[in-house]
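Taken straight from TrEMBL:
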type	residues	note
DOMAIN	B:20-439	domain 'DUF112'
TRANSMEM	B:20-40	transmembrane segment
TRANSMEM	B:60-82	transmembrane segment
TRANSMEM	B:109-135	transmembrane segment
TRANSMEM	B:147-165	transmembrane segment
TRANSMEM	B:177-195	transmembrane segment
TRANSMEM	B:201-220	transmembrane segment
TRANSMEM	B:319-343	transmembrane segment
TRANSMEM	B:355-376	transmembrane segment
TRANSMEM	B:383-404	transmembrane segment
TRANSMEM	B:410-427	transmembrane segment
TRANSMEM	B:464-488	transmembrane segment
Amino acid sequence: MTMTKAGLLAATAMMLAAPASAQFAPSRPVEFVVASGAGGGTDNFARTIQSVLTRDGIMDNPIVVLNKGGGSGAEAFLYARQNEGDPHKLIFGTNNVYLLPHVAKLAYTTEDLQPVAALALDEFLVWVKADSPYQTVMDLVNAAKDAPGTIPFGGSQSKDTDETLVALIEQTTGADFKYVPFNGGGEVGVQLAGGHVAANVNNPNENVGQWQAGAIRPLCVFAPERMAESEPVSGDMGWHDIPTCAEQGLDITSYQMPRTVWLPAGTDPEVLAYYQDALQKVSESQDWKDYLAKTSQSATFMTGEELAAFIDASEADAVKVFEAEGWTVQ
Amino acid sequence: MGNFDLLMQGFGIAITPMHLMLMVAGVLMGLVVGVLPGLGAPNGVSLLIPLTFTLDPTSAIILLSSMYWGALFGGSTTSILFNIPGEPSSVATTFDGYPMARSGESTRALTLAFMSAGFGALLGVIVITLLAGWASRFALRFGAPEYFAVYFLAFAAFIGMGSAAPAKTLVSLATGLLLASVGMDSVTGSIRLTFGFEDLLSGISFLVVVIGLFGIGELLSTVQEGLRFRGVASRIDLRDVFRTIAELPRYWATYIRSGLIGIWMGITPGGPTAASFMSYGIARSSSRKGAPFGTGRPEGIVAPETADHSAGSCAMLPMLALGVPSSATAAVMMGGLMIWGLTPGPMLFATQPDFVWGLIASMYVSNLIGVVLVLATVPMFAALLRIPFTIIGPMIVAICFVGAYTVSNATFDLWLVLIFGLVGYLFSRLDYPLAPLVLAMVLGHKAENAFHQSMVLSDGSLGIFFANPLVSGIMAVGIALLVLPKLIALGSRFRRRVPVE
Amino acid sequence: MTVKVFHAELGTAVTTGLLGLAGMIGASELGHGWTESGPQPGYFPFYVGLILIGASLWNLVAAFLKHRAAHRHAASGGEVEEPFLDRERARRLGVFIAALLAFVVATLTLGIYAGSILYIAWSAWRQGGYRLPLALGVGVAFAVSLYLIFEVIFKIPLLKGPIEPLLGIY
């Protein structure tokens, strides 16, 4: 419901702004508020955009990057609420912007932010150790059914996208894993390579190093179709050779994490249009395509109604999982 | 000797005029961010990342890592001169460095710190050079219980031998643990102890607390004695520098011990801060003669500095070889690596030898540059102490608050600095030890997370901490460190009593 | 007025005890039990709070005992208990803390630059005995170097107040 409203707002903003997009230009340094610590995936996302904007001369104003990763990113979103109507602050996040308020008692709602654009989709894969007995994702699921609550499944945090996905697998198949939250995808990758957990659901770039070395291997990807063709990564296997989870009989066709950019609520429609335009130029640049290829993320560019619809659907799916797990807070 | 050939090839890549210039620039910028409290190496490095997009990855990592070394060196400077740790990992250096500087030997203290730092870094790089493959395999064996054991060991090494009243140590430790648990708990995903304050959501920053406790707290102690620095203005004499260098071989045992602790904590992600505390604690408990620690003992500077830098250099290894950064700065550099299109992981050594060995070779060179540059600044920094207090005192105050603000751009932190300044003053006047509080803030939450993860893995059984030789070994050493000093103290009291009676 | 060590010990012990209590109350809202998957989120803060209260009580008792012993010692003609702060020190400390407080308030309302100029100039002028123009000069020089290091070189925005936008600095 909140999203339909924000979506409508964005849509009207688009219509109003289309003819008048040159009206707004930032008059002071623009703050890029990053909802993760320095070095995290969201941080790299924001800093890459910063470099493209500056190097290609899309935006002449100086850009300063502020990391506000406290409370799983909530710090950045609270900051947006405190700066309502400020056209010189862009907030960079993932789906945590609209999912966090469902699982934690926080002093902001999604209506305090206005979606600008989504520029990338990060894929999720199921990974196991190279010498593990599981050949398909269903082997893993069946093992968890045979011995409920004993197979340790690593993830980067509690009640985050990783645990949501694991919970979704459990709800879809009736399996029961033992979810162990660590700190960040990199750490989970190493825990898997060291054999301390049986599987994880890392994004491609969090695990690619260990895959190259042959310490771990992917079972399947949660996408409607296989990932884009690539050079072979490990042995003669490339990203495109990884089957989708649906192919292997796990009925979750799509689970992706969008990389999103937001404005504080209450800015003028021209402001929104200005940044949408600038980000569109970023998404068309060669540097951006290189970044996506290097980090194995899927390209997308969503704004306005399309973005609102995506957020609505993604939020509704996640909330269904949260409710079944009893994570939702009022 | 394959590694040696590769290293020579690396030197060929690292020693070019362009790279040497980048190293000097990086070290100098690092010194600035290191000296300013709050603005630490992670911030500095992440600010440089956009600049590196136009460089090739090898040049970029040389620039960033040089900045890291510079920041590590710079962090010790303010610890020693003003009791304000410029970097979290230089907190332990304040314990003896500041008393030594206050007794008029600031040149000696700074020289000791920098030479030890340089030596630690060298030791770290040598280990990386020789043991790259083995060390990364060793680090893979560390799961949650092993992590907890390491943190437990760090606590045990530091607490076991404290000289303050036990109840006061306990208060300090418990306060630190409580402060560390404020904010979002990543293992359970719940928000703790914020009492509805939004400002507390992201937790209480360790750096802000340290700036208040040490920086402002120390200024308050200075002020109550009159508006001037305690201690004599130091003589600035290059001969002091050389005399100090000449006394270094005397501390060989401390060097080796601290270097090993640092290497270990760098490879198995404990991080430089934990390493410096642990090394200080162990140096203290293994010293038998001379003035007590905390009064300006040279070993009290050598131990944390050596460990800090060997851990800092060794932290590059798990970052490159496993993709696990064991320090905040390494985490930022890893982000850079990914942006440059390099994938950290075991294959990096095989697929990008020029990058890896160029970096390793540059670590030798840039640490050398770092020691020279930072020694050259000793007279300048020591001269700062001669500026009248009514000028420099308020400037230090302002820098403390600016530093605290830059940690997370939050005005709330300014109040925290003020409050913890008062706490620091009160605690040091009443003989509450500050170190347990700081250590608890650094490691408390990590230890709790590791404990919790272990409990999830073992379904709540404590047996997991003794489930394999590695984890039981570390736990046993920790328990021994905690218990032995008390037993020895008891034993010696007993032995002394017998002949008297 | 002088503050005795006894009073300071008492105040500190009570404060740390209250902190422990706050921790326990905050933790008990989260649940502090032990489930089959290990401790609940409030488990550690709860018991740490309990330990903190215990240690604070111990310190409180120790302070009382020491105070009584000192009294007896003083009555039998020994030295009087050492003061925590005598009048002169308390005054010096009071002025410094008041200035600190004023600095924080000035920083929050006027920004870090104006705040530190005022604070440094005031200290050099009133406490150091320098002439006002010189004192102001030192303050301004400090603020300018802050600006150069943070905003120009490292691109880190510091807290600004209502004055900077008038000068065209954001």
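Here the Cβ of each residue, glycine as well, is placed from N, Cα and C on the backbone.
Below 8 A, the CB atoms of the transmembrane segment (B:410-427) and the transmembrane segment (B:201-220) form 3+ pairs separated by six or more positions in the chain.
Long-range Cβ contacts of the transmembrane segment (B:20-40) within its own chain (Cβ-Cβ under 8 Å, at least 6 residues beyond either end) map to 48, 59, 62-78, 84-88, 207-208, 210-211, 215, 328-329, 362, 365-366, 369-370, 373-374, 377, 399-400, 402-407. Take the transmembrane segment (B:383-404) and the stretches B:177-195, B:201-220, B:319-343, B:464-488: counting Cβ pairs under 8 Å, B:201-220 has the most. By the Cβ criterion (under 8 Å, sequence separation of 6 or more), the transmembrane segment (B:355-376) is in contact with the transmembrane segment (B:109-135), since 3+ such pairs are found.
Through the fold, the transmembrane segment (B:464-488) approaches residues 141, 145-146, 148-150, 152-153, 155-157, 159-161, 282, 285, 454-455, 457-458 of its own chain, all at least 6 residues removed from its boundaries and within a Cβ separation under 8 Å. Across the domain 'DUF112' (B:20-439), the prediction's mean pLDDT works out to 85.
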